[in-house]
Amino acid sequence: ITPTSMTIVFLGITIGTIMTMSSSNWLMAWIGLELNMLAILPIISKPKTTRASEATTKYFLTQAIASAMMLLSSTMNAWQTGNWSILELKNKFSTTIMALSLMMKMGAAPIHFWLPEVLQGTTLQTALLITTWQKIAPVTLMYMISNNIQPTILVSAGILSMIIGGLGGINQTQLRKMMAYSSINNLGWTVTIMAFFPNMALMNIFTYIIMTTPIFLTMTNMSTKTLQSLSTTWTTSMTMTLSIALLMLSTSGLPPFTGFMPKMLILNELISQKFTTLATLAI
């Protein structure tokens, strides 16, 4: 890919996300997400391998279905209310469909199946882009409609994401798949608290992005894609290996690292909301 085309592609990704985040109309938000999706497809398919083509197809189909659900939801709501405003999503059925479509776009359970496969089929730099930048627009939209979504839906999806993210990463040897399940687990925390304290959900997702970025950059620098190759880098680059170990502990939410702070605040908020059973399960 030439530098000019890469500039156009990255411009499309940036403009698409900013367009979605700054729009107050469902159609403009949808156009922004579509632009974002179409711009990232050439990046995913850049390595000329079968796995990359497969990952591109899976990503495209999943995002296209989520976009269709989003259009259906907003159209049904506009039909009833005569309003395309994002903040005026009042119809319960439309709100549920919209929440599911945004979870699908982010890669949260129960519609998470595409994320580990897509990440495994692409490069580490692209995996970083999908797990960080690509989540900003859907999370922003969910934040905007969080008051209208039924808490039961968000809490159920959140708990499921936590469980699947936690258990899914145990048996993995591929670092990209481990990071995908880590992303699903983190989205579980974000989606759960979105029902009660949306600002804390934003803090959690941005803390995750700040912690995940150096992990992927370190893995790219060390050219490690599996746990086996990571375990042999101790002799050649001790500082890098130590850094990535500490970063992973932080991402998993182990005290006293940074990643523990949002999880502690979320648990505190859930307990104060009388969700003691849920908080115990999260621990």
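Glycine is treated like the rest: Cβ placed from N, Cα and C.
Given the ranges 19-37, 152-170, the record in TrEMBL names 152-170 as transmembrane segment. Beyond the transmembrane segment (191-217), the same-chain residues lying 6 or more positions past its ends with a Cβ under 8 Å from any Cβ of the stretch are 103, 108, 124-125, 127-128, 131-132, 135-136, 139, 142-143, 146-147, 149, 151, 154-155, 157-159, 161-162, 179, 182-183, 243-244, 247-248, 250-251, 258-259, 261-263, 265-266, 269-270, 273, 275, 278, 282.
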